[in-house]
């Protein structure tokens, strides 16, 4: 008499989850390495890596910090997720999911605080922009960032063109020997579509004119107000980006935790 023995399906690691998490994180890892490399290269070009004390010399914001910090976080997360998935290492996978969860929590907290304390955030934004206006000529990356913002949002200064009085090169004091005295950067100028070459001297002496006359040559609205208007006009797109990033983070955490559970189940059967 032949007796049939029941067959139980043994626990196994899902190859789909494992290699999907590996592929996702290797792209994340390489992108983080690229960001980090660009940031370090920019610092090397500016001599920061030779003299690390110069990091604190800049009165305003150094945009290279964005590449360094974002690239570093992406590199560490990508490495943990990539190697953790490939080697089925539960410690790295747990580190990946906890770190990603912490970032998600910080983003959520920042969003709530920004909504609740929006007036305070606005004051801090004013303070941030004014500090960077003062340091405009101190760093080429900061200068390019301010020029881009003023051109993109068609604005000048935090609240208006007179904010450039805070910069030692553009202030209107009689003791200022700069040729840019009582002027504004070229990025404040209203662009002439017929011009093929940017006129970098278009803002010279423009603040010596009356307010109505200035409007013919430069943007008179502040960047804080223009940025708020841009956020309101693009609220759906901005919200969609934040929701998309949040969903990716949650998805990554779920995949990592699923893989950890599979690995533990397999080890439990040994």
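Even glycines carry a Cβ here, placed using N, Cα and C.
Residues or ranges marked as disulfide bond in TrEMBL: 155-188, 156-172. Annotated transmembrane segment per TrEMBL: 20-44, 64-86, 98-117, 235-260, in sequence order.
Outside the transmembrane segment (98-117) by six or more residues, the chain places 73, 76-77, 80, 242, 245-246, 249-250, 252-253, 256 with a CB less than 8 A from a CB of the stretch. Residues 18-19, 21-22, 24-40, 42-43, 46, 48, 92-93, 95-96, 99-100, 103, 141, 252, 256, 259 of the same chain sit 6 or more residues outside the transmembrane segment (64-86) yet have a Cβ under 8 Å from a Cβ within it. When other Cβ atoms within 10 Å of the Cβ of residue 172 (disulfide bond) are tallied across all protein chains shown, the result is 14.
On a Cα basis, residue 188 (disulfide bond) lies 5 Å away from residue 156 (disulfide bond). Using a 10 Å radius centred on the Cβ of residue 156 (disulfide bond) and all shown protein chains, the other Cβ atoms total 29. The distance from the Cα of residue 188 (disulfide bond) to the Cα of residue 172 (disulfide bond) comes to 17 Å. Across the structure, residue 155 (disulfide bond) and residue 172 (disulfide bond) are spaced 20 Å apart at their Cα atoms.
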